[in-house]
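Record features, source Swiss-Prot:
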- THR14, ASP33, GLN41, TYR46, VAL86, PHE120, ASP284, THR325: FAD binding site (BINDING)
Amino acid sequence: MIKTDALIIGAGPTGLFCAHQLGLIGLNCEIVDNLDKIGGQCIELYPDKPIYDIPAVPECTGEELTNNLIKQIKPFNIKFHLNERVEEVNKVNNKWIVKTNKKKEFVTPNIIIAGGVGSFEPRKFSPKECEKYENRSLFYSIKDKTIFQDKTISIFGGGDSALDWAIELSKSSYVNLIHRRDEFTGAQLSIDKIKELEKSGKLKIYTKYQLNSVKGEQNIKSIEIKHDDESLKELETNYVLGFFGLIMKLGPIVDWGLNLDKKTIPVNTENFETNLNGIFAIGDICTYPGKLKLILSGFHEGALAARGCFKYARPDEKLRFEFTTTSKAAQERLGVKK
């Protein structure tokens, strides 16, 4: 049985920064995530994709952001339990008893849900034969863009992910961009850019087409795409990428007694507590009036949720607000040497 001041469910940027905020105020925590690596969607979906809206960081990748957050929480010696999912949550004597699918048991006054409670699954191609090529020459997310260098890539989708990767991969590969509709739904700047790239011969756009079949032995050699008018076209290609969005499955969380709004958890905006005392929700999983699904917003939510945990972890103490620039206690916890 593992005792901790707070258990964070989700090892993405929001959960990592919340762990930092807990450490600053003297609370310990452990982190559980059903993914096999730290970083959440940042690492799983766009480790190499640039992020432009982190304060004071003009540009960084999901991997760089994750690595910096890990470095930031290093002084607190936080233990991670990866590739593990929370299955049961029960309250006994003002403590939450949390059990995972690997039979671990945590006792804590606080649970912070920062994602990691369910799973994100990509919407997939319809043709059944696509399954045999998955993670070899057909992908729904990109973890290492270098494998596509000097290859022909066929990208399916019309949203931001498809457009962004078409632009990025066209720098070192030839790209076919295929969309089932006549118009793209991504940012206008990206739409303008792909049209420029087509004019320069860097990529080819096919609209009103969908994947009809895939050909190849171990790896894909060519694909057949079908137009709305039923005409067929065959394209030679080395890799196929599909960006049709994600389906989120909440998993066991639906049985925990939380109020749910579709696939999100309503919270207050004072400390992002749910309808259950001692359970907080931050990041994309939570909802409230004016909610923005930004990493920046998740950092704010994590900071306030951490302070909300203090009253349950230290009921006989009063939390004083202090700046890290002047707080000796915070600096000692961070290992600052003077």
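Glycine residues also receive a Cβ, built from the backbone N, Cα and C atoms like all the rest.
A map of Swiss-Prot features onto the structure.
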{"residue": "THR14", "record": "FAD binding site", "CB count, 10 Å": "30"}
{"residue": "ASP33", "record": "FAD binding site", "CB count, 10 Å": "26"}
{"residue": "GLN41", "record": "FAD binding site", "CB count, 10 Å": "20"}
{"residue": "TYR46", "record": "FAD binding site", "CB count, 10 Å": "19"}
{"residue": "VAL86", "record": "FAD binding site", "CB count, 10 Å": "26"}
{"residue": "ASP284", "record": "FAD binding site", "CB count, 10 Å": "23"}
{"residue": "THR325", "record": "FAD binding site", "CB count, 10 Å": "7"}
Assigned conformation of TYR46 (FAD binding site) - DSSP reduced to three states: coil
